[in-house]
Amino acid sequence: MEGVRFVVWRLGFLVFVWFFDISSATLSPTGVNYEVTALVAVKNELNDPYKVLENWDVNSVDPCSWRMVSCTDGYVSSLDLPSQSLSGTLSPRIGNLTYLQSVVLQNNAITGPIPETIGRLEKLQSLDLSNNSFTGEIPASLGELKNLNYLRLNNNSLIGTCPESLSKIEGLTLVDISYNNLSGSLPKVSARTFKVIGNALICGPKAVSNCSAVPEPLTLPQDGPDESGTRTNGHHVALAFAASFSAAFFVFFTSGMFLWWRYRRNKQIFFDVNEQYDPEVSLGHLKRYTFKELRSATNHFNSKNILGRGGYGIVYKGHLNDGTLVAVKRLKDCNIAGGEVQFQTEVETISLALHRNLLRLRGFCSSNQERILVYPYMPNGSVASRLKDNIRGEPALDWSRRKKIAVGTARGLVYLHEQCDPKIIHRDVKAANILLDEDFEAVVGDFGLAKLLDHRDSHVTTAVRGTVGHIAPEYLSTGQSSEKTDVFGFGILLLELITGQKALDFGRSAHQKGVMLDWVKKLHQEGKLKQLIDKDLNDKFDRVELEEIVQVALLCTQFNPSHRPKMSEVMKMLEGDGLAERWEATQNGTGEHQPPPLPPGMVSSSPRVRYYSDYIQESSLVVEAIELSGPR
């Protein structure tokens, strides 16, 4: 008996020690969380006009609940602060956040040098400091970041040379140092995409370029006494003209040679036509798979491995030879306009859209008969599958997770709309296209299959791609899409998160009539929001947050697209900034009150309230419903 007690006591002691070790892993000997200290130091050196860092509290013991901070296994793994109007400098204490995998600070006004201490972040995979006002040289310590895939330092005021140490990083996919004041030669980096445009004094890789090719200052003989009168003056003028012409010719010649070199080099960013079927050719971190590999991984595309069906194709679960689980999307239409080159160009665009809340492309397969995309497998499926299709017995998403999903999705869409080049319109934002990673972080899928948007143009199509109930009225009536089309779809997604229902399935029960959006508007006007709530939540929700999220959803789904907020504004409203003012303005008549214009060719005999269901019934365009049958 004593022996049993001793064993039980010892096991209990070991469990206690293990728990204590885990809970105090980020604590200093004085009991202070060093990650909290580092983040607060970062906050203190930044000017934060919109108070986005307000809840970064030095007295907190857990930074994982802070805005713009994400954690993995209890450690800070991501710092995402894009487009927050931040200024000031970046604290060297950021180097103490040694579990960081992603730092995104683009589109702010941060000044000063890039801290050398960033070189300590050995787990860092993505560093984006673009579109700020950083000065000084690029730290050589960045070469110590062995896991770095993406480095964006473009559009700053950096000087000096690009450090040779970057050549030591073998896994680089993208390096962008364009539009700075850099000079000298470039290191031979492994990145498939290396952007240097906008640095007038950069002279190319050491292996192929001669940095001494800058012309020496032209020296003319000093003027002496005028012995030949006008003839001598004419001679001087001719000499000056010839010298000027020679200098101009040299500049044009040098510029032409540089542009030719850039053109030749940029062609190598993608595949050479003669190599387009070479299975060994890859694009940065992307792998080019053979059809045989993917057929084997999916057991000959067995129907038992189908994860979902959509308008673009079928998604299969796959097991690669190394045991890795992947999602294999076999596209329906192999005859993409532009053929192989156009497909590869779109693959490149997808691969360069990198954000924690976007589904990362792992690889692809391309041949005359097949177009296949390979993505990481998401073990927690889609939001749609988690809301209703709990076949595997998983619990329903609780309220806090649903709000986290809303914010994460908004961040992903902000990146697509405002930080990608070219911008990308998703055109089918819905719960089935929002996937969940192992931490239940929202990951926007299928974005790369939408049409790309040039900065100057909106996309017009004669066939509307999307899911009924999610398609914006102007898209239904005219075929014209814009970023505001996605804002509308996001508003419907918020309603799906609240109700636990798919917009496409809404109206099948006896007490539901019309479409989801019209029903929500009616209940909101009647003050009966509680009827909206998903019964699986068992009344465990925040009533104030419910009201706020419904308001955001209604702002997003206004019929007039010009009245809808931008996704960056939506994100701020979800985080508690500016919603009250925007909602009040709408209610006071400065927002949308009048009925939207009717679709072309329709005449209204009398003013009346327009409902979303009217647009669905009246649309003469082809609607290709995209609906997945299961988690992806």
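Easy rule for this one: first residue shown is 1, then count along the chain.
Keep in mind that glycine also has a Cβ here, set from the backbone N, Cα and C atoms.
Between Asn181, Asn588, Swiss-Prot assigns N-linked glycosylation site to Asn181; no such entry appears for the others, which is not proof they lack it.
In the predicted model, the topological domain 'Cytoplasmic' (260-632) shows an average pLDDT of 75. Counting other Cβ atoms within 10 Å of each Cβ, the lowest count among the recorded positions Asn96, Thr298, Thr324, Ser477, Thr557 belongs to Thr324. DSSP classifies Gly313 (ATP binding site) as strand under the three-state reduction. Shown are the recorded positions Asn155, Asn181, Ser382, Thr478, Ser482; the one with the most C-beta atoms within 10 angstroms of its own C-beta is Ser382. The two recorded residues, Gly311 (ATP binding site) and Thr557 (phosphothreonine), have Cα atoms 24 Å apart. Neighbour counts of Cβ atoms within 10 Å were compared for the binding-site residues Leu307, Val315, and the top value is held by Val315.
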